[in-house]
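Novice: Let me begin by handing over the structure; questions about it come next.
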Amino acid sequence: DDKPFKCSECNYETVAKATLKRHMQTHTGIKPFDCPDCDYKCAQKYSLKIHMRSHTGDNLFECSDCNYRSPWRRHLIRHMQTHTDANLFQCSECNYKTRWGSHLNKHMQRHTGNNSFECSECNYKTTRKNDLSRHKRTHTSDNLFECSKCNYKTPHRKYLNNHMQAHTDDLLFECSDCDYITPRRSHLNKHMQIHQ
């Protein structure tokens, strides 16, 4: 196998263990890197660096057939497929097309109603294994994310992060030039631009 390191949550494969470890951060729900210019958040510093290109216009990959631009090379490659029908998999039920057979198979499940992953506790069904794993947390006290300031619990880290905004009295970010206060560092960074 030329890509021995495989993600247990999705189809991602890589040749480097360190790359897989970095990729796994995308499944934790933790997004510590905030864009100072918009609400974009990401799990990896590199992703933020690439995202920033969309604000600066630097090093954007441009389509030679239309005005599409992207900071991501792989997005441009995927976009270029829209200009050709060669090597595309076509859905027989609608006009969906894709370059990948596995994507067509997942798409077809929408038409057939076949959801291959079912919850044993209730009637929840999904086509994605990681969605089922996330859902199963709702049936158990294991793996619940608990608020350290009150008795709130949730199976989803992002819901806990949103909830924590209610306890931000000691986590406020203050502008040094005026009386602006916010619970989010990214909002303060955006606000600071008016003083420049």
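Easy rule for this one: first residue shown is 1, then count along the chain.
Note that Cβ sites are derived from N, Cα and C of the backbone, with glycine treated the same way.
The following feature annotations were taken from TrEMBL:
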type	residues	note
DOMAIN	5-32	domain 'C2H2-type'
DOMAIN	33-60	domain 'C2H2-type'
DOMAIN	61-88	domain 'C2H2-type'
DOMAIN	89-116	domain 'C2H2-type'
DOMAIN	117-144	domain 'C2H2-type'
DOMAIN	145-172	domain 'C2H2-type'
DOMAIN	173-196	domain 'C2H2-type'
Novice: Where among 89-116, 117-144, 173-196 do we find the most Cβ pairs under 8 Å to the domain 'C2H2-type' (33-60)?
Specialist: 173-196
Novice: From the DSSP assignment alone, can you count helix, strand and coil residues within the domain 'C2H2-type' (89-116)?
Specialist: 12 helix, 4 strand, 12 coil
Novice: Against which stretches of its own chain does the domain 'C2H2-type' (89-116) lie, if we need a Cβ under 8 Å and a gap of at least six residues from its ends?
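Specialist: Counting only partners 6 or more residues beyond its ends, the domain 'C2H2-type' (89-116) has Cβ contacts under 8 Å with 11, 78, 81, 125-127.
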Novice: In this predicted model, what is the average pLDDT of the domain 'C2H2-type' (5-32)?
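Specialist: Taking every residue of the domain 'C2H2-type' (5-32) together, the mean pLDDT is 83.
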Novice: With DSSP helix as H/G/I and strand as E/B, how many residues of the domain 'C2H2-type' (33-60) fall in helix, strand and coil?
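Specialist: Final tally across the stretch: 12 helix, 4 strand, 12 coil.
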Novice: Just give the helix, strand and coil counts over the domain 'C2H2-type' (61-88), going by DSSP.
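Specialist: In the domain 'C2H2-type' (61-88), the DSSP-based counts are 11 helix, 4 strand, 13 coil.
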